[in-house]
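Reading through the structure tokens given below for one structure.
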Amino acid sequence: MKFFNPKLIMIDVDGTLIDSVPDLAYCVNELMRAMNRTPWSEAKVRHWVGNGVPKLVERSLTGELEASVNKQDFDKAYLIFLELYSVNTSVRSCLYSGVKESLDYLKQQGYILGCVTNKAKQFTLPILKDLGIFDYFRLVVSGDTLAKKKPDPLPLLHSAEFFNVNPKDCLMLGDSISDVAASRAAGFKVICMSYGYNHGKDIQDANPDLVIDSMFELKDYL
């Protein structure tokens, strides 16, 4: 049964297209060692991903989703992490099952595809290229492309305007409450992946329009 008929589909990166936690967790723990701190489990780091590198570094230093960090400690840690991640962006990361095939299908069906992420451009472009999916997207909006990022609607509204498509004819494919919030504020429909990064919370609780277990399922709803 077809529920959606979008002209434009904007797709998140981390937790939607790519499992980037293995590289992020490696860098977090190399950072912890460099600062003489105890490393974290990959499962713990998985709950911290999705709001950009600065937030991930803060969470690594405090062990909490939301906590204040000493500026001197943060500045030191942030520079170390950037250096680590710049050479470990796509060493251990991989596409989720069905991603490449589903992008092929969406492209063949004539949908306009774009990428929207909170990951900085310096990391977004390399990981998309290294994992072979960069060329599917006619627009890439990274976390530092605009003045604001998700959950603010600006990246999605910018994307709709870029392609001259009404937001009501747009779909967001993501995995987190930030994706849902941005979509609702922008007037996009939103489908979320059940397997992504949502700080350990069930994405169903965020009330997206649909939750699916694999991108293979998209063809059943579009």
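Cβ coordinates come from backbone N, Cα and C, glycine included.
Because TrEMBL annotations are produced automatically, they should be read as predictions rather than curated entries.
Listed by TrEMBL as binding Mg(2+) are D12, D14; the candidate from D175, D202, D205, D209 that the record includes in that site is D175.
Under DSSP, D14 (Mg(2+) binding site) is assigned to a strand (E or B) in the three-state scheme.
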